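Enquirer: Below, the features straight out of TrEMBL:
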type	residues	note
SIGNAL	1-25	signal peptide
DOMAIN	36-123	domain 'Ig-like'
DOMAIN	134-224	domain 'Ig-like'
DOMAIN	258-348	domain 'Ig-like'
DOMAIN	351-438	domain 'Ig-like'
DOMAIN	444-530	domain 'Ig-like'
DOMAIN	534-621	domain 'Ig-like'
DOMAIN	628-723	domain 'Fibronectin type-III'
REGION	711-734	region 'Disordered'
COMPBIAS	712-723	compositional bias 'Polar residues'
DOMAIN	728-822	domain 'Fibronectin type-III'
DOMAIN	827-929	domain 'Fibronectin type-III'
DOMAIN	933-1029	domain 'Fibronectin type-III'
DOMAIN	1043-1135	domain 'Fibronectin type-III'
TRANSMEM	1148-1169	transmembrane segment
COMPBIAS	1178-1198	compositional bias 'Basic and acidic residues'
REGION	1178-1282	region 'Disordered'
COMPBIAS	1265-1282	compositional bias 'Polar residues'
Amino acid sequence: MDRKRSCTLCGGAVMLLLLGHMINALEVPLDLPQPPTITHQSPKDYIIDPRENIIIHCEAKGKPHPSFSWTRNGTHFDVEKDSKVIMKPNSGTLVIDISGEKAEAYEGVYQCIARNEHGSALSNNIVIRQSRSPLWSKERIEPITVQRGMSLVLQCRPPAGLPPPIIFWMDNNFQRLPQNSRVSQALNGDLYFSNVLMDDNRNDYICYARFPHTQTIQQKQPITVNVLDIEAMNDTVLAAFLNGSDFWGDSPSGERAPTFMQPPGMHSTSMVLKGDTLQLECIADGLPTPDISWSKVNGDLPSGRFSFHSFQKTLKITEVTDADGGDYRCLARNRLGSNHHIITVVVRAAPFWISAPQNLILAPKESGMLTCRADGNPKPTVTWSVNGIPIENSHKDPSRKIENGNIILSDVQTGSSAVYQCNASNEYGYLLGNAFVSVLAEPPRVLTPPNHVYSVITNSRALLDCASFGSPLPKITWFKNGQSVVDGDLYIIHKNNTLEINVARPVHSGKYTCIASNSLGNKENHVYLEVKEPTRILRQPEYKVVQRNGMAEFECKVKHDPTLFPSMIWLKDNMELPDDSRFEVGSDSLTIHDVREDDEGNYTCIRNTTLDQDSASAMLTVVEQPDPPRDLELTDQREHSVRLTWTPGDENNSPIQLFLIQYEDSLHEPGVWVNMTEVSGTSTTAHLELSPYVYYSFRVLALNDVGLSEPSAPSRQYRTNPAQPEVNPSDVEVIGTSPDSITITWRELTGLESNGPGLQYKVSWRQKDVDQQWTSLPLANVSQYVVTGTPTFTPYEVTVQAVNEYGPGPSPEVVLGYSGEDLPTVAPENVKVYVQNWTLAEVSWDAVPLSTVQGRLNGYKVSYWKLRSLHKQDPEPKKPQELIFQGNETEGLLFGLHPYSQYNLNIRAFNGKGDGPTSSNQIFETPEGVPGPPADLKVENLNLDSLIVKWAPPVEHNGHLTGYLLKYQPINTTDKLGPLKELLLAANETSITLDNLKHSTRYKFYLNAKTVKGAGPTVTEEGVTIMDEALIQHPAVEAGKAPPVGRMFGSVNSSVEEDHAVISWEYSGPDRNVYVEYVVDNSKEPWKTEFVNGTRTYQIRGLKPGMSYRVRVVAKDHSDATVHSTEELLITVPAMTSKQVDIATQGWFIGLMCAIALLILVLLIVCFIKRNKGGKYPVKEKEDAHQDPEIQPMKEDDGTFGEYSDTEDHKPLKGSRTPSNGTVKKDDSDDSLVDYGEGGDGQFNEDGSFIGQYSGKKEKDTAEGNESSEAPSPVNAMNSFV
């Protein structure tokens, strides 16, 4: 995967601005007096389009704003006198309307002067020239006749245009003429032929010139080139052909060593200006076409700046430096020799700045210097002007002198501001630089915006700007968090006072202060630096290989600073993604559905923040089956072989692994293509072995990792001649299907194998080991033959040979087979059975004579079955079992017999035909064995210390039962086994009662049946002594009363908290049915029951503080009846401790309420007085203006406001809308109590009174003039009491 990273530091444009501050001259704020400065002007060489107006730019700044004037060709250009010329307002830019005029009238050299009371600034000399695209001069071009193999130059020579035209050669169909190392266009536009071929014979060599400014194309008359092969022509034909045409070349046209056509000779010189692009050209004549190579004598070509063009004939070097001067060797070589040409490159230079003049700001009585240093080749001449006047012609200034080309100013005075011009020129150009000297006294000012926040990425460079101005020039001091910043390793303070932190870390974040100081004062400014974590792609996109129509997914997960929010951009081959719905961009992924071939490329994920970015790329390769091979050819054709060649198709980004060659036999199997052979994927040819008498067509398929291509187009048909068969039928078999016959079968030959017409099969057979002749029979179109009348199971030799009209095939192989088998005729004799134990017996017999088998003896089948059990009568006889003993075995073992049973057995021989007769039956008996397991073992409760064990006899006695063995042992609460006890029981017993067992205890029982042979398998069961001692020994418990305390429970403890209680107890019984019950003391409610999950501790939740409860722990049986219980516990839950203070009982609150009541009383008295006088107060004004029907009128009987009354039930105001959150909501009327609160937050106090109804808002309204002549407002009255 191709991975690349890039980080944009410090905010892109902001960083570039700061870097610009580091190199630019000091700028004077435009609110201060200053001479003019040219800010924008047209280029020195300005070629105009005669179809458009001429716009000559000249913009300048200054204080006061400058005025503008122009010179043309060195004299004043009066703009106002020419109605076609307009100067833009507040600008020096000229707009010249050339409609109806010739643009040539305004060609010339223009210069702009911007002046104000402090000086004059000059623009460059702007040369205005009209673009030209002249027509080609009319000419008659004679055909050019050239001898084949000679060199040729077709001249273009376009008319001189401004700027020069772009040259190219085309034909009559506007198609570019093909160019190569033999035919190429020179830098001057001519078409060079190193040698001509007969194919160059044509009449439409046309040179075109395109003029870029006017976008016009001029065409030269077509040139006709006739190429002659003189060696193939006689004198008469040659003379007729040359009549009326120019003959190019007068020497033989054979092969020759290279010579140079351009530049001619062995040496030439080329001059180039520094910084321009150098193009060196070498075009050689020769046959064969020479190869061109370049080198620099005594040096190397400049790395990274040179390139070759026009088929190595042009060497191009960009951004020429002085080091590029010297000798360059051009070498032309072909097999007949070589030649070289030396080009000496001379580098000249137009003037360029070493140190351009910079603006100078001086305070009165200060000194300074203007410098102007320029260089060039040749060395430029430097002159000075003041306000556009040569300095030697300007007024004398005692504070100014010139030394070594520098202007030195000393003890300057107010009013001596001016603009100085420095001109550096040589024969290749000039430079004009303006620099003003401004004399003023100004205290410091910081131009950088205050409190600006700079954000950078960790480990990047941070630049904190402190652009300032003052005269004298201020001194800048930096501080960080109050500590002085010293120029050193961590910090760098540049000449423009920018503070640089070369490697910013999070510790550098914080507040920075710069202080500008001069003799007239100080000024400080604060900026802030934030150092953030970089953006990094953690999971990068990976290289994908996807089949066409598949899906490709690229991941791009990023880690970034939490304060930055990266965006994601996906590019394909560095371009935007196609506008296609198949491209799905997720939050951190790109998915391409239904991938196509044109989706292949390099995909780049860019995660951008405002400060940096990270990117990662991965390739997508789209693969599919190869394109089918093409251009099949048959070569090296022989009678039984041919060579097939082909051209591979496109691999489609997956290498071809192999080619599969198929053929079609249109004679025998038309339309059927058969795989013939495979060759490696790097081969394009195959030698194919062919069969006779086949009409072959071939095709090729290509295979890669994706799959097989489509087949190629078939080759032409290739027919082979007939011949005798080369192979015989395969898979010949001799099968004895009946005792008196044999069947001979074979696989027929295919049409490809027949090798000719008239295919037959010669079938031959004879009895083996008998002096007998072969019997043969020719057969056609069959694959088997039956020979009858054969003896039973007799060996035969058989052959099958292919024969056609051209002869027999090779000698066939002999195949041995037997005639058919018959059933064996004799049963085995002397059958004996030896019983080994109660489940195993051995059987033996005598083999039958082989002569009686009548076939191949496959073995013996032993059948045996159980007749009956010797203990009881079986309900039905068992099905026979059969054992097969292969080959000549005459003994074997019988497994899995039932003990104490009677069996029957017989034996028979068998062969491929079937089973022979059965031997006489042999009866044998098996002895007793161990019994099966007892059936249906059960354990039942009897009382607290007794259990009854019951069972049934075994299903399989396997002999006479002699008794039972019973074992049992207790299991404690931790599932550990106790001591084991054993009991021997009689054979006729099927139950037993066990007494004196431990109550409420689980027991495990083991039971075996026994015969004289021993004990049989063990069965187990568990039982528990019962726990209902209370039900047996005590009367039933009345409802609502606990049962008597049993001995299962021990001590019971409790722990009580504010809302719950923890109960713990001791218990020795089973844990499966234990519950905790509780009820409120002295309550008639039913007991609440909660199940205990096998623990000895339980927490009762949800108890009410201050209440008493009765609690007990009980054990219940399977019918949910209580059988054991603890004593009842009485627990009391403590009351909730109050964590809130009753505010109504606090002294400070009572005093506050009294003060508020007193204030309200005073307010009411003032209101009554105001009302009696007929005046209005603000609340009354709003009530009068907005009569709300819900607001109650003032009660006349007690003199209080109905809506403001203080009631004991704390009800809200009748006229208010009070939401559930307690805020006051404005109704449709603009009037509400909120209007009289602070910011609309008027609220009720706990006693229902309204607080803050007269506050700052109403006071503000009053201050604005509402009723300003009336009595004091309520708020003022209230404030007087505070």
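Quick reminder: no glycine exception, Cβ is built from N, Cα and C everywhere.
Caution: TrEMBL annotation is automatic and unverified by curators.
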Enquirer: When secondary structure is assigned with DSSP, how many helix, strand and coil residues does the domain 'Ig-like' (444-530) contain?
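Expert: Split into helix, strand and coil, the domain 'Ig-like' (444-530) gives 3 helix, 48 strand, 36 coil.
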Enquirer: May I have the DSSP-based helix, strand and coil counts for the residues of the domain 'Ig-like' (134-224)?
Expert: 3 helix, 36 strand, 52 coil
Enquirer: Using a cut-off of under 8 Å between C-beta atoms, tell me which stretch among 36-123, 444-530, 827-929, 933-1029 contacts the domain 'Ig-like' (351-438) the most.
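Expert: Comparing 36-123, 444-530, 827-929, 933-1029 against the domain 'Ig-like' (351-438), the winner is 36-123.
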Enquirer: For the compositional bias 'Polar residues' (712-723), what does DSSP give as the number of helix, strand and coil residues?
Expert: 0 helix, 2 strand, 10 coil
Enquirer: Across the whole of the domain 'Ig-like' (444-530), what does the mean pLDDT come to? Round it, please.
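Expert: The predicted confidence over the domain 'Ig-like' (444-530), as a mean pLDDT, is 91.
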